[in-house]
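Below is one structure, written out as structure tokens; comments come after it.
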């Protein structure tokens, strides 16, 4: 039967500074509306999540694509994953530099290779072979990322303090055919070691999609997420009959008590029920279902607008 399409996006869990709140809200709303317009035209879930994530990669408010944080050497290294719930196909890239949209490259890995994850130099060669334009690394670096990198280099600094402001981006969707998909993209941890790869590029940690259960994208402390394989853990709970919300809360709670890790998740199940849950102070998120847009940043905060109203204010600029 025909499903009502749903898209949910997140712009990262952590601490969102006051002066960035509006930009983060506007960014997740824009991404959700763009992904939803793909679904509304009868497009598939995998196209919708790629489109939503691309929109946030291009938005300097988020730690993905342009606006990514810098590693210890002051460079941008990015990770991304995409997964199709129909046949469990997935593509991912890790530690990639000098491309605008890692999510597009992850999609190409999924569709044009027999592999699931390409890294660093190999991913770079593959991008060249696919005609993905290289851009100068500086183009991805914002003033803010450079400032923070410098601050973290000071002898008495505590990069962990800054790493609470994480900004990984992600999207999950179900289309009118009942297919689900997820996509996640990030610049990783500020001042991370060269070659550090977090949860985002790892299937089952940074995201998971299976038509039999649903789709999940995660954000938060990557090493903690990997320890509990957070996205797949949520799916396990849904397979046991939990709603997306209860499954998400149960898994986040386990990650917190077991390994002291904080994070956030977005989930849609095969029935089109969705959740956006987090154990951090904040997570920017937005969802569209039944032509209604819901969005928020703080726990318990949920604004609702009709899609038409949201698109009108989009056109006027937030």
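Please read every residue number as a count from 1 along the shown chain.
Glycine residues also receive a Cβ, built from the backbone N, Cα and C atoms like all the rest.
Here the Cβ of residue 168 (active site, nucleophile) has 33 other Cβ atoms within 10 Å, regardless of which shown protein chain they belong to. The active site, nucleophile annotation in TrEMBL covers 168.
Under the heading substrate binding site, TrEMBL lists 196, 197, 198, 199, 219, 220, 221, 222. Counting every protein chain shown, 20 other Cβ atoms lie within 10 Å of the Cβ of residue 197 (substrate binding site).
The binding-site residues under consideration are 196, 221. Their Cβ neighbour counts within 10 Å are lowest for 196. The full span of the recorded substrate binding residues, 196, 197, 198, 199, 219, 220, 221, 222, taken as their largest Cα to Cα distance, is 16 Å. Sparsest Cβ environment among the binding-site residues 198, 220, 222 (other Cβ atoms counted within 10 Å): 198.
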